[in-house]
């Protein structure tokens, strides 16, 4: 009674997030998963030069490996949502860790670029997707007040792993070749299984057991001692079983809640993220090859990604702390818009960087802006849709972003092959990011803030005591439903009706005393309505 049934929604009834405790272990697991999910597709770019030599392919062909990984990470979002709602986060993450590792191990034995697409791209990308989304859902389950900070700390896993995986990949490439590097990377991905094992769901079973025991205790206290008490308890249990039997067809529930598309904030967020992803990942994916083509040694070129990662490490937690401030958190969408604008302008202003110093300066500012975007993107989505609908929302958003991922980096690679000029690529990517920032900021201000400023409709004073009458009648109806749900004796229902009648009569006397609230005959109509309701309840209980 009063407790939501977990079978009716996508997730069980919400438990108050602990904002700590085991949540810090969950945060650590989410940190590792986020690091692998976002840094791995970029770190693989270290191997692209060798892959181009061995398979005789161009930039666009090798760029498809990272694009397919990211596309699987995003495009399988609805599948992950369905699996999480059906089986829970922990089993899905364990399977994902095994798939991610198997994909890279199999990729080390491939003989052509198509096999690389299927193994390192599809299989590893799917495995990381089955880890990434459930970890975010668990993070939102364990944190509420500290959620912006938790999101910032978890997002810091991406730069930490990027700053370590890129130099590690370069070392593995020099000592073992790209095949040995892929094999060792596959072994590292098995750590995702460990992270999935610590994703312990908040215990709901104990609460349900305590609720059942409390219902039986209340039934014993309200009913007379003896056979009627046992009969009442059995009736209560039988009624609940009947309700569960009626709810069994609801097991074919909606595993994806498409009602979130009626939320204007969600629509604005989705469109802006689609435009953002078109250009966000292009600079870091092509940065290493760009530096190598300008004459930068291979080791120093790989170190550029480490610079982005190092700056990003501090930018994400710092931005999460700022987003958690009381006066900033209600306006976190505008902070997200500013971070995207900062990132886009960084791409545009650094398009002509032609030496190593210029590239280092670009990496510093790109790391700050990229960290801000990474720390805020899922916090904004959680603030828009809430934690209960977040599992469906993130799945649908990632699916839509997958199309942008498949368009952005491969198109940039084709332009590089055709134009042999990276300047155009940076201008194009920066313009797309700036456009997404402007759309989010302007649309949020025009569509959301103006809607909030509209005053609520005022009650018509000429209606008199109509609203009070409806409240009195609703009290009677609530008393009827209360009695039918708990199967209490007839005298408890009559008591509830008497209380409702007294409230209705009190309202009618006040209206007659004031004289201006309603016509003279409204009091009699009110009394007749309540009496009719009283007689109906008595017949039901009789």
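Heads up, the Cβ atoms here are built off N, Cα and C, so glycines get one too.
Transmembrane segment is the annotation TrEMBL gives to one range among 240-265, 266-291, 474-499, and that range is 266-291. The transmembrane segment annotation in TrEMBL falls on one of the ranges 63-84, 151-172, namely 63-84.
Residues 148, 265, 269, 272, 276, 279-280, 283, 319, 322-323, 359, 361-362, 365-366, 368-370, 372-373, 376-377, 379-380, 383-384, 422-423, 426-427, 429-438, 440-441, 444 of the same chain lie 6 or more positions beyond the ends of the transmembrane segment (332-353) yet place their CB under 8 Å from a CB of it. With pairs at least 6 apart in sequence, the transmembrane segment (266-291) and the transmembrane segment (21-40) have fewer than 3 Cβ pairs within the 8 Å limit; the two do not touch. Counting Cβ pairs under 8 Å to the transmembrane segment (359-378), the stretch among 63-84, 181-202, 303-325, 390-412, 424-448 with the most such contacts is 303-325. Sequence-distant contacts of the transmembrane segment (91-110) (same chain, six or more residues past either end, CB-CB distance under 8 Å): 33, 36, 80, 83-84, 116, 119-120, 122-131, 134-135, 179-180, 182-183, 185-187, 189-197, 199.
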